[in-house]
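Engineer: Okay, so Swiss-Prot annotates it like this:
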type	residues	note
SIGNAL	1-23	signal peptide
ACT_SITE	SER76	active site, acyl-ester intermediate
MOD_RES	LYS79	N6-carboxylysine
BINDING	LYS214, THR215, GLY216	substrate binding site
Amino acid sequence: MKKWIYVVLVLSIAGIGGFSVHAASSAHEKHLNVSKMNVDDEFKDTDGTFILHDLQKDQTFVYNRKRANQRQTPQSTFKVVNALIGLQVKAVRDEYDVKRWDGVKREFESWNRDHTLGSAMRESAIWYYQALARDIGEERMKTWLHTLSYGNEDISGGIDQFWLQSSLTISPLEQETFLEKLAKEELPFDKPVMKIVKRMMIQEEGDHYTLYGKTGTRLTDMGLGWFVGFIKTEHGSYVFVTNVDDSGTKAKNITVDILKKYGLITS
């Protein structure tokens, strides 16, 4: 009898302890004042900028504001815009629309196969989105980038190259403005189009959050990396932009570390 009482007590204490951890984490996020965040430790080995905007409280944190205002090439974060435009003008039907691999061996093995709009987003297969940009065409692309006020709106670098270390540039703060409108579904696209692209951006889902994002890397030297997106939690939504002198993977790792630190990503 005493043994069973002991087991019940241990299980009860463990349950209470687990609840306390979640409750503390949840409370941490609920009372988060993003304007008072500190991310110095996360950037001690990397030059970069980080932006977090609390959509409910309309509070914004910016680390390294000077860099946050500097325009740089969007790299593969432009896939988000490319997909939105492609779906809107019906250059592609949906996230399952297949393009056949042309047999050319490219940088990453995961690119060397047939892809859909969705799989090419997840694997960041550049060739698929280059083909999509050609299908959209210069005139429609110019019109839409102007409508969106997307960075400097310059596609002179070529219809399938302009976002890749070329003519199109955008600042991290401009990226945040664009992503905020996407998160709220306030961009000038049809609602189903925005929902499809947001679904393709899902990086991971937990019991209490969903993380949406897209990386971007300057492949010529791995010296420019982005991770942009938003996270939905039990208490609200937050838009983030990370830009570093490193790879997109590094930018994502820094972002996830910060989101965990402040209780937005919970186990």
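Any Cβ shown, glycine's included, is placed from N, Cα and C.
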Engineer: Take the mean position of the Cβ atoms of LYS214, THR215, GLY216, the recorded substrate site. Which other residues of that chain put their Cβ within 8 Å of it?
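Structural biologist: For the substrate site the neighbour list reads GLN75, SER76, THR77, LYS79, SER124, GLY213, THR217, TRP226, PHE227, VAL228, GLY248, ALA251, LYS252.
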Engineer: For the residue listed as 'N6-carboxylysine' and THR215 (substrate binding site), what Cα-Cα distance in Å is obtained after rounding to a whole number?
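Structural biologist: Between the Cα atoms of the residue listed as 'N6-carboxylysine' and THR215 (substrate binding site), the distance comes to 10 Å.
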Engineer: Whole-number Å distance between the CA of THR215 (substrate binding site) and the CA of the residue listed as 'active site, acyl-ester intermediate'?
Structural biologist: 6
Engineer: Do me a favour and check the Cα-Cα span between LYS214 (substrate binding site) and the residue listed as 'active site, acyl-ester intermediate'; whole Å is fine.
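Structural biologist: Their Cα atoms are separated by 8 Å.
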Engineer: Cα-Cα separation of GLY216 (substrate binding site) and SER76 (active site, acyl-ester intermediate), in Å?
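Structural biologist: So the Cα of SER76 (active site, acyl-ester intermediate) lies 4 Å away from that of GLY216 (substrate binding site).
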Engineer: How would DSSP class the residue listed as 'N6-carboxylysine' in three states?
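Structural biologist: SS state of the residue listed as 'N6-carboxylysine' = helix.
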Engineer: Within its own chain, what residues at least 6 apart in sequence put their Cβ under 8 Å from the Cβ of SER76 (active site, acyl-ester intermediate), listed in sequence order?
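Structural biologist: In sequence order, the residues whose Cβ lies under 8 Å from that of SER76 (active site, acyl-ester intermediate) (at least 6 apart) are SER124, ILE126, TYR129, LYS214, THR215, GLY216, THR217, TRP226, GLY248.
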Engineer: Counting other Cβ atoms within 10 Å of each Cβ, which of the binding-site residues LYS214, THR215 scores lowest?
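Structural biologist: Across LYS214, THR215, these binding-site residues, the one with fewest Cβ atoms within 10 Å is THR215.
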Engineer: When you measure from the Cβ of GLY216 (substrate binding site), how many other Cβ atoms are you left with inside 10 Å?
Structural biologist: 27
